[in-house]
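A.B. asks: Below are the features listed in TrEMBL for this protein:
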TRANSMEM  B:23-47  transmembrane segment
DOMAIN    B:91-297  domain 'ABC transmembrane type-1'
TRANSMEM  B:97-117  transmembrane segment
TRANSMEM  B:123-143  transmembrane segment
TRANSMEM  B:155-172  transmembrane segment
TRANSMEM  B:178-199  transmembrane segment
TRANSMEM  B:220-242  transmembrane segment
TRANSMEM  B:278-298  transmembrane segment
């Protein structure tokens, strides 16, 4: 990424579609004010699929609404394509939103919904008609152009909302948990569909979700948010394999936490065992699928006791306890006959895949 | 997408039975309604085709003079028919004032209804209650209260004179303006309530969708809000326009004897005018015109509802 250091201000990167600079948003006043966003800065690159991920109330939707212009920040700046748009109303911003509720206009047909933005921009009729056709083809809804939106299924409404938001060719498309109202099968389909649309249009997508799997499979980069702050920004692999703190590790996938202290070359557990681990901090994390269940006497293995075994079909979850009482979960592939060969009370040895353990801060 | 499910024979039979039972159950109400509403109307219709009696009332001879008299008057000397200008003036004033009343109540009622619909539910009930308070008082008393405000020595003039906005009292009483003020005041709740009902159902999230898609505030109003709350606007305008057209008390009290509206004109025929058939014909004619006008209006207002694309 090219960075230019200007004399007038802080670092400005030329390929940022969205920049949030020290953005704070407080609802309410004085002592009772609730900080939905607390001094958040981030940069969303042009053309990327960027996901804001976090539990409800973490501030992800607030950040999206600040970018769209529905809310004004209490402090800080929002830049779209290098332009400061902080004080501008939504209709002056070259971003469009796909709403969680879709918010389709009930008095307009599918085609009129899709053409609404262009009409408001005062584009010529012929251009609107052509773009509407193109957009409906893009979301595969040509056949329903004349329908009322109330007559459509949830998945179809979703597509209309997408076509409507894409039609004016925004610099950035904002998606506010757009898949949350769909059933599982449709959601999977739409995930693929969204990714395809993003690749085909080349438009920057900012996607808000609380579903970590959705975030991992679709995003180019993810910002994990909690309590009004961005905890970590990174590519999905990075977020999963190298979380920066307990929140991120816990929120993305399942993780085992083992208290430890950093020693040169690794982490020292409570019983004195030293495991090779990268990172620094006082918490050792290891993903359940990275644990190896070995015979009790195996060389270098950590002694543990099986507490319970839960069969999940493709894999089996084995709940374990270390000698000091720390609880762990291992996920092992289920054998062909479904019997993992482990039973409660069994004493085993715990092995770690190389590089699987990592030290993080609390 | 899927065709409407076809009814099985059993369902069909069940449905027909339900329809029949529905008619039977509502029969008493329908009979009462027919006698109470259509009966008097029938009498009025019959009277409109009779000859005026000498001291009011009617004599039972068929005549179309009532109907002819709506638009024409007979010359006292040579008995020729000519267009009755005075009648036309009254009709025109009625239509004009009713349209203006509808426009004014809409202009005042829309922001009011919007305000109420966007309050928290508890406050909403209070505001709606306040809006309906005038209904608790007799129309005549309310109209006289307006007189107190707008007459030459009334509150309005006193205040305006005191703060020096005007040098001489405004002469509002006994003018069309007075009638307009009175009607707008009296009929405002009839506009606010249906508008409130429509706005209450309006999904406020659509506003954000509109702004997001580059619509300015005015464009959102024109292209999103107004079309969606249109049923409320149609209902409100009918509820205001129709009674305005037949208004009687308000023009009588505030407009004085000269600024008559159709209602007063009809009353006149049954009183001093001693021309019951004309009064009856006017009543029926007003009814027909209003019904036709509403039919055309509702058609026009709902036409754009069918999607095209």
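Glycine is treated like the rest: Cβ placed from N, Cα and C.
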A.B. asks: Determine whether the transmembrane segment (B:220-242) and the transmembrane segment (B:123-143) share at least three Cβ pairs under 8 Å, counting only pairs 6 or more apart in sequence.
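C.D. replies: Result for the transmembrane segment (B:220-242) with the transmembrane segment (B:123-143) is no.
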A.B. asks: Hey, which of B:23-47, B:97-117, B:123-143, B:278-298 has the most Cβ-Cβ pairs under 8 Å against the transmembrane segment (B:178-199)?
C.D. replies: B:97-117
A.B. asks: What same-chain residues lie close to the transmembrane segment (B:278-298): Cβ under 8 Å, and 6 or more beyond its ends?
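C.D. replies: Tertiary neighbours of the transmembrane segment (B:278-298) are 41, 44-45, 47-48, 52, 65-67, 69-70, 234, 237-238, 242, 245-246, 262, 265-270.
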